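As structure tokens, the structure follows; a few thoughts come after it.
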Amino acid sequence: MSLHSAYRTVRQFVLRPRQFFRRSSATSAAAGFVVVLALAIALTASVWYLGVLLAESTDATVTMDNPERPPDWVCEQHADDPDSAFGSGCDQPETVERDVGSLLREAASEYVGLAFFGTLFIWPIAGGVLFVAARTVGGTGGFLATLGVAGWGALPEFLRLAAGLAGLQYALGRTEFTEPFESFPTQLEAALASIQLPLLAVSLLVLVWQWSVLTAGLEEVHDLPRGVAAVAAGIPLALWGVLFLA
């Protein structure tokens, strides 16, 4: 695909999405899967990067139980028995100091799998909801084509993701979280206060863009009038928006 052709396709998707969906390749489930897979990878990388940002912005330590030391009741019973395997490690200190930044990075890494597989899991559910909504109002299209439309409906999420990362980079780059650790949630809330309104505006813009894309896709795939397709796409999308923004 030439650069001019790619530009024309992108422009068509943004400004004339129904013309974009008139191509059979645009409504294939495979094309939708590629979009969703790319989003899952990007979201996974973003979760990991969020952990890095939080770690770099934190200068604090916290006292924790030493995971290398057995519980107190084990040490009380076996610490004086040199032949007992249970008493091994009882000479370790009961508590250790851990860097909060490292803990935050580790915590973020635990959500990497959820971000990836959760995104892939939501896609067929969204496609199924759109399919049922379109058929309820008289649509005639197939499920796989609707699944393709749902996949393309995820493309505007890249805008939300990019804005979120830029906002976090800006807010956390100007903040250094300090002790005590218990005040961390309050410090984080204060740091993010300046970007909440811009990110809300971007989220609303993304929802409107998704509505336009999904409406055009249901128009073409299910042969629906524009107003009917807008309702079929708008109701589930509005419910999703309320859950996301709540």
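Backbone N, Cα and C atoms are what each Cβ position is placed from, and that goes for glycine too.
Keep in mind that TrEMBL annotations are predicted by a computer and have not been checked by a curator.
The domain 'Yip1' annotation in TrEMBL covers 13-245.
Under the heading transmembrane segment, TrEMBL lists 26-50 (among others). Here the transmembrane segment (26-50) has long-range neighbours at 20, 108-109, 111-112, 115-117, 119-120, 123, 127, 144-145, 147-152, 154-155, 157-158, 161, 164-165, 168, 217, 220-221, meaning same-chain residues at least 6 beyond its ends whose C-beta is under 8 angstroms from one of its own.
Residues or ranges marked as transmembrane segment in TrEMBL: 111-134 (among others).
Sequence annotations record features per position, and here TrEMBL assigns transmembrane segment to 190-212 (among others). The list of residues near the transmembrane segment (190-212) in space but at least 6 beyond its ends in sequence, with Cβ under 8 angstroms from a Cβ of it, reads 17, 57, 153, 156-157, 159-160, 163-164, 167-168, 170-172, 174-175, 177, 230, 233-234, 237, 241, 244-245.
When Cβ-Cβ distances below 8 Å are used as the criterion, the transmembrane segment (224-245) is approached by residues 126, 129-130, 133-134, 136-139, 200, 203, 207, 210-211, 214-218 of the same chain, each at least six residues removed from its ends. What TrEMBL records for 224-245 (among others) is transmembrane segment.
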